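*Asks:* Below you'll find the structure I mean.
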């Protein structure tokens, strides 16, 4: 689905209409890589597999497409020039890998569409021979994700990290991803207002020609993890013409409903929601721990409520699987078919 030259707001509206009013985003990527035997205890995290197992990255994308995803997100969340250089790669090699993350996702989409055309897969809702619209989103993780010290879950970068620091850090990667063939850029797990502002200014300064979405993370259902107001963060996203959707990712499902309502107060842009499984990440121990509320596949039971609150794009983040995405697709489109 080519999006260049299309007005951003018209683009996302047209895409959602083509999908049936709602779109399904993919699920946990590192979760699936680990399930297939990858050890991601590395500063590069899932981006490590761009070097060691690109064929597995493609397979995970395909698994999510088969499960019903309309949007697949590239394995570039933790893929930074600085991170690759720290591993001994050259800047040129790093840039090639960042672009390769999008190439792999695009290859998976092409394989999926070819299989659709041949009727090779059975799909829910009697759509097995139709080519469901699919977008490739290029992931940009936060500065804290690159630091790999847990600060993506606190937003505490210290006084030395300024707006210009963040723009300088992200600039080249955003330039590469904007010209990579992706349909949009997904700025994910944004932990504070400062980084949201840096992204918004970068999109304008670099005249980025593909749309973007901003998704934040929260621990209390009121603010982003730094303590900044979710409404203030969403307002920054709303003020940027290149941002076509605003939302929440990597946040416990029980907090999502209130966050949707807060976002909807400051923007009419579509809301994108892809929570984690409901567990809590312990940054010191580098592991997920059980927390109160529903976890695992049970969070699919919230989807109808999120839809009614005004969300338009739904998926999963850490610890969710293709089964989660399959269930979300079933809930959304079964409900939609009952309403229409």
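Any Cβ shown, glycine's included, is placed from N, Cα and C.
Bear in mind that TrEMBL entries carry predicted annotations, made automatically and left uncurated.
As annotated in TrEMBL:
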DOMAIN    11-332  domain 'Hcy-binding'
BINDING   250, 317, 318  Zn(2+) binding site
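Describe each of these features in terms of where it is and what it packs against.
*Replies:* The Cβ of residue 318 (Zn(2+) binding site) has 19 neighbouring Cβ atoms from other residues within 10 Å, across all protein chains displayed.
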*Asks:* Can you check which residues sit near residue 250 (Zn(2+) binding site), meaning Cβ under 8 Å from its Cβ, same chain, 6 or more apart in sequence, and list them in order?
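*Replies:* Sequence-distant Cβ neighbours: 188, 189, 217, 274, 275, 276, 317, 318.
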*Asks:* Determine the Cβ neighbour count for residue 317 (Zn(2+) binding site): the number of other Cβ atoms within 10 Å of its Cβ.
*Replies:* 27
*Asks:* Give me the sequence-ordered set of same-chain residues, not including 250, 317, 318, with a C-beta within 8 angstroms of the centroid of the Zn(2+) site's C-beta atoms.
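*Replies:* Sorted by sequence, the hits are 28, 189, 217, 249, 251, 274, 275, 276, 277, 316, 319, 320.
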*Asks:* For the domain 'Hcy-binding' (11-332), would you mind checking the mean pLDDT of the predicted model?
*Replies:* 90
